[in-house]
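Q: Structure provided below as structure tokens; questions to follow.
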């Protein structure tokens, strides 16, 4: 994950001081891209410990179309707590847009099922896309989508994916985002009988919060270790039937975790 550390250093070296919605303040750059060959290992940051349980459960929660944090709490995942209302609801966030995008005539589009069908039946299509950026429902969401738009691409029997992330918390959020979409590519590839290719991450406003500087310098002082390997223990009947216990990470030997405050 050397390129992740290089991005952190670039933000420190070239970033512009900006105000932000949370009032915390950031160093920010605009427009950055990283490419991860998923054949070379699972892109889970090793210069600090990442909570893989939260990453897996959040993705499974998205794929169920769920927008209430009850499932996350049942599995000791608290990453969405700060944005939920008193009933645990978040409004029409990722899961709703992925699985039930509303249409003007009252129907709902299951974007995930649609891209699965495209990958199986029309893999050369240039329209294998999922969007969470529903302009008509942004004001109902507890948090507007940060990872907003992703596209799949098949070549030489390998499945690749490119994500556009309009806003990126480099220290806290980005390691989760990279691992989550890499996991999704592995799951999609298994369901479509494809090998994994690349995960391409593209960032818009890519920033370090002003209260993450000490943690960032600590992480940059550490040497990256070998990437772990993802093992999927079984092939479920559908993408929506995976369980937490289906996944195992082999060889993950990270440096200790680094705590940092979340900007709300």
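For all residues, glycine too, the Cβ spot is worked out from N, Cα and C.
Here Swiss-Prot flags 146 as active site, nucleophile. Among the features that Swiss-Prot reports, dUMP binding site is placed at 21, 126, 127, 166, 167, 168, 169, 177, 207, 208, 209, with the record citing sequence analysis. The annotation (6R)-5,10-methylene-5,6,7,8-tetrahydrofolate binding site is assigned in Swiss-Prot to 51, 169, 263 on the grounds of sequence analysis.
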Q: Can you give the largest Cα to Cα distance in Å, as a whole number, for the residues 51, 169, 263 that bind (6R)-5,10-methylene-5,6,7,8-tetrahydrofolate in the record?
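A: Max span of the (6R)-5,10-methylene-5,6,7,8-tetrahydrofolate binding residues, Cα based, is 18 Å.
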Q: Within its own chain, what residues at least 6 apart in sequence put their Cβ under 8 Å from the Cβ of residue 21 (dUMP binding site), listed in sequence order?
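A: Result: none.
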Q: State, in Å as a whole number, the widest CA to CA span among the dUMP-binding residues 21, 126, 127, 166, 167, 168, 169, 177, 207, 208, 209 given in the record.
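A: Comparing all Cα pairs, the maximum is 36 Å.
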Q: Cα-Cα, whole number of Å: residue 207 (dUMP binding site) versus residue 51 ((6R)-5,10-methylene-5,6,7,8-tetrahydrofolate binding site)?
A: 21
Q: What whole-number Å value do you get for the CA-CA distance of residue 51 ((6R)-5,10-methylene-5,6,7,8-tetrahydrofolate binding site) and residue 169 (dUMP binding site)?
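A: Cα of residue 51 ((6R)-5,10-methylene-5,6,7,8-tetrahydrofolate binding site) to Cα of residue 169 (dUMP binding site) measures 16 Å after rounding.
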Q: Just to confirm: which same-chain residues, 6+ apart in sequence, have a Cβ under 8 Å from the Cβ of residue 263 ((6R)-5,10-methylene-5,6,7,8-tetrahydrofolate binding site)?
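A: Expected: 20, 22, 24, 169, 209, 211.
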Q: If you measure residue 127 (dUMP binding site) to residue 146 (active site, nucleophile) at Cα, how many Å is it?
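A: Rounded to a whole number, the Cα-Cα distance is 21 Å.
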Q: Any idea what DSSP makes of residue 207 (dUMP binding site), helix, strand or coil?
A: strand
Q: Which number gives the other C-beta atoms within 10 angstroms of the C-beta of residue 207 (dUMP binding site), all protein chains shown included?
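A: Cβ-Cβ neighbours of residue 207 (dUMP binding site) within 10 Å number 27.
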Q: May I ask for the distance between residue 167 (dUMP binding site) and residue 146 (active site, nucleophile), taken between their Cα atoms and rounded to an integer number of Å?
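A: Pair distance, Cα basis, whole Å: 5 Å.
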Q: Measuring CB to CB from the residue listed as 'active site, nucleophile', give everything in the same chain under 8 Å that is also at least six residues away in sequence.
A: 165, 166, 167, 168, 169, 173, 177
Q: Near the Cβ of residue 51 ((6R)-5,10-methylene-5,6,7,8-tetrahydrofolate binding site), how many other Cβ atoms are there if near means within 10 Å?
A: 16
Q: Give the helix, strand or coil assignment DSSP yields for residue 169 (dUMP binding site).
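A: Reduced to three states, the DSSP call for residue 169 (dUMP binding site) is strand.
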Q: Find, for the listed binding-site residues 167, 169, the residue with the lowest Cβ contact count at a 10 Å cut-off, counting only other Cβ atoms.
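A: Output over binding-site residues 167, 169: least Cβ neighbours within 10 Å is 167.
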